[in-house]
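Novice: After the structure tokens below, expect a handful of questions from me.
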Amino acid sequence: MVSLSALYFVCSTLLSGSHAFEIEDVDVLNEKWGSDWNFAGITTFARLPTNRCLVDFNTTYDVAVVGVPFDTAVSYRPGARFGPRAIRAASMRQNKLRGFNARAGFNPYQNWAHVVDCMDISVTPMDNVLALHQMTEAFHNLLAHNTTHPEFGKVPRLVALGGDHSVVLPHLRALHSIYGEITVIHFDAHLDTWLPNKYPEGWDSSLGSGIGEFTHGSMFWMASEEGLLSKNCIHAGLRTRLSGTDYEDYRDDKEQGFLRITCDDIDDFKPAGIIEIIKKRVPEGAPVYISVDIDVIDPSAAPGTGTPEVGGWSTRELIRLLRGLGDLNLVGADIVEVSPAYDHAENTAMAGMQVAYELLTSMVMNRAKEGVHLDPSREELGLPASSYSEFKQVSKDEDHSEL
Ligand SMILES: *[C@@H]1O[C@H](CO)[C@@H](O)[C@H](O)[C@H]1NC(C)=O
Ligand SMILES: *[C@@H]1O[C@H](CO)[C@@H](O)[C@H](O)[C@H]1NC(C)=O
């Protein structure tokens, strides 16, 4: 039988709406409420801690993910400004606890490195001259931060989430100021070394902003013109149509120092053969940048992109190739051209998320082993203490139309 006092307590609790509630210790609360299910929580890449790194120079990290939501240099479908957001949302089933990469035998989130999500670079969609300047300054800033574990390398590594493909140019500029010429391994259906005159141009360019060549198809040409690239660069996954009536685009490309591995080559060489070709071309220890345009994957698996081309690689093949390159000296990387408005069921965003995960796995793993590639100190390279201050110095006197 229920006692009168108990009945009174139940009634008064219901009436007042209050609960019998005791404030518990923070550890107990953390155990109860401190973790989210995969579908819950505020979105960050792989649920990593976030920081607006650009405004806080005291932030240190060894590897960082950063969004570059810029897409006003596209030649076909716009929309990749929403790429970082979609990739982060697709990455929410990744976390520290379930982060062991079985293909690599390694958990990048539970090892020596402090890995963070530096949020997005705020880039104007209104003015490409200013946008390129903003992105260049941002990458200099992000790479000038101290690392958390300088004994594993003094310069942090970034995985940039595009954005259209043009966002690789400012990243390469900042990396070049630290390492010198960069060897780019470029996964893409397209060349992106196109000379600007391969686009329609009937108008006097002096009427424009002066950087009409800054497009998502010509930024490697610009990088090459600026002397940022080594002569050992590689494209992989090509299947684009070319200009005109012959292989002139290939000749231009070769002059810029690229070797071309086509999409169909994978039938003849298999992924292992492609990995071998790439590794043979990259000099031992050379600073490598891996740039992945999601359109290297077949549109059946990654439809949400700016310039889709049929007949591409499978997501599995791309992952195998990236894993096979995991021991190169990867100093920077990106995954670009994820455009969620054309996506279905998050397929493209998930592929993008997996690419970023493979790249950052490599960035942590290749320095966890013995014989790691430690960066020379900035003093040894004869560089000022921070590439950011050097950039600020140069850009103060610079004519921005030259950008
Ligand atoms: C960074 O650290 C310095 C020295 O401890 C401090 O004076 C400064 O306020 C810090 N800056 C920020 C943004 O926290
Ligand atoms: C970065 O590290 C150097 C060397 O340890 C130190 O002198 C400098 O103050 C650090 N910078 C910041 C912003 O903490």
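Keep in mind that glycine also has a Cβ here, set from the backbone N, Cα and C atoms.
What TrEMBL says about a protein is an automatic prediction, not a curated fact.
Under the heading Mn(2+) binding site, TrEMBL lists H165, D188, H190, D192, D293, D295. Among the features that TrEMBL reports, compositional bias 'Basic and acidic residues' is placed at 393-403. Per TrEMBL, the feature region 'Disordered' maps to 376-403. Per TrEMBL, the feature signal peptide maps to 1-20.
Give me the structural setting of these features: burial, nearby parts and distances.
Specialist: According to DSSP, D192 (Mn(2+) binding site) sits in a coil region rather than a helix or strand. The Cβ of D192 (Mn(2+) binding site) lies under 8 Å from the Cβ of H165, H186, H216, G217, S218, M219, F220, W221, D293, each on the same chain and at least six residues away in sequence.
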Novice: Quick check: which same-chain residues outside H165, D188, H190, D192, D293, D295 lie with their CB within 8 A of the centre of the Mn(2+) site CB atoms?
Specialist: H186, A189, L191, H216, G217, V296, T307, V336, E337
Novice: I'd like to know which of the binding-site residues H165, H190 has the most other Cβ atoms within 10 Å of its Cβ.
Specialist: H165
